[in-house]
Amino acid sequence: MSTSTIHDIGYRHYDGPRSGRAYVLRSLYVHNLRAAFGLGRPARAKIMPFLLAAIMLLPAAGSVAVFAFTDQEDALIPYASYANIMQVIVAIFLATQAPVLASREVRFHVIPLYFSRPVGHLDFVLAKSAALATALFALMAVPVTLLYVGGLVAKAPDPGKQVLEYLGGLVGCVLFALVLAAIGMVIAAFTPRRGFGVAAVIAVYMLSTTIVGIVQGIAEERTNFTLQGWAGLGAPFNLVDIVQVRLLGAESSSVGIAPGVTGGVVALALCVAIVLGSIAVLYRRFRKAGLS
Amino acid sequence: MNPTIAMITFRAMLGRKRALLLLGLPLLLLVLSVILRATGNNDLDLSAHVLQNFGLATLLPLLALIAGTGVIAPEIDDGQIMYVLTKPIPREVIVVTKLVVAIVLVTIFAVVPTLLAGLVLVGTTAQVTPAFTIGILVGGITYSAVFVALGVLSRNAVTIGLLYALVWETLLGSFAPGAKSASVQQWSLSVADALTDASMVTSTVGLPVAVTLLVVVALAATFLATFRLRSLPVASAE
């Protein structure tokens, strides 16, 4: 008489090859990157990201066209200041797309479904943050590349300097993307209600920019340019611009730039702290999300 | 006005941690005002500048956007609006109730804080504080009506609202004077301008035009929202 046959209905364990952690990470990254532009979702979700991306391209295209016709070098927008000049559009893109990546799964309580599979908590957070950062980088780097290529085609003078400035601009874009994605993801992860995530992200951007602007205005009136420079650390775009100007040798496009290499190093340290802090906060947030 | 709808909407807007987000924004304005006063940076020009840039140009559109779209857009999105629409309540009553809730929220979280900030900064010198309070109140009513209508009309209401408030009013306004004149911000500034003697506060739009436009836009937006709510296409939540 055999035992234990009554419960064995023939299920078998999976013994085949497993795709592993890198595969999980890559799949999540690609899925989230597509989601950031509304790909794989209805047309309604695609309108806004692509509209904003198109708006981002307009000034670059216009600038190249003006340069091609007039041959005046200052018609070309400096690569490093492009993201700063278009910061409103970048901020709106961040505000609309960060909740798409960070809020939706929290809102519908499906995070535990991810973690019931072999998906690490940290991998999940890293893939999401990297996807948003990549989307933001693409948003900013494509117009900058257009400027560079346009300048090249229209024979902008001093190609060696242009290459260096272009590469510096791209590094700046990477930094912009990382810092903005970090800020946006954290805020969106804590405001799951529809519409509130967008409002919260844009509120943080607008309020920090406005307050820093007021403080810088007062400091300028009192000719306290040191305070004016350091106040720039409080607004995300100004913060990254300080790094660009002080460490990457770009021209300033913000009102206040913290003085000296010290200013640049402090700003860079703050950027790193924001990115690492955001990963830590998101890790804690998603680990518990949806279990209650 | 339907008290039940109003109550449910208030609860949706202020429930759980959302009230904190709404409260945080005006609190920053108050903190900034107290700091500016404590450091002696509260002369008339600067105070008018703070009230205009922070209160009128940042806090007001932001809160009107959150309140205006927040009272109706999430309900349409997840289909809950059907429970309201299938009751024998006229559509205009629904829209007006939602609008009143939005205006009350804007009043609590934008108008009153501006009044307090103004009192902290300059008191009632040159009527700057009451002028901005009334300017923000009338602007808040029109903004709320526009954003409620936007919430009914489009699924991307918040983004469109942001594009209007940030790109149209701020960015284009600094390049093209025409765009500047066609903005709720300038119209409310015009109202504030007419009520104060401070020369700092100037608007590109005359008072009669501004008031007319404020009223017309608010009414048109409310009618549009009502009209659109009559035949609302119901789609499943994404």
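Yeah, the Cβs are placed from backbone N, Cα and C, and that goes for glycine too.
Under the heading transmembrane segment, TrEMBL lists B:53-73, B:93-119, B:131-153, B:160-179, B:205-227.
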Remote residues contacting the transmembrane segment (B:131-153) - C-beta distance under 8 A, at least 6 residues beyond either end: 48, 51-52, 55-56, 60-61, 63-65, 67-73, 76, 95, 98-99, 102-103, 106-107, 110-111, 114-115, 118, 160-161, 184-185, 187-189, 191-196, 198, 201, 211, 214, 217-219, 221-222, 224-225, 228-229, 232
Residues from the same chain, set at least six apart from the ends of the transmembrane segment (B:93-119), whose C-beta lies under 8 A from its own: 1-2, 5-6, 9-10, 13, 22-23, 25-27, 29-30, 32-33, 47, 50-51, 54-56, 59-60, 63-64, 67-68, 70-72, 84-85, 128-130, 132-133, 136-137, 140-141, 143-145, 147-148, 152, 222, 225-226, 229
Folded-back contacts onto the transmembrane segment (B:53-73), same chain, C-beta under 8 angstroms, at least six residues removed: 9, 12-13, 21-22, 25-26, 29, 32, 81, 98-99, 101-102, 105-106, 109-110, 113-114, 117-118, 132, 135-136, 139-140, 143-148, 150-152, 155, 157-158, 161-162, 165, 169-170, 184-185, 188-189, 192
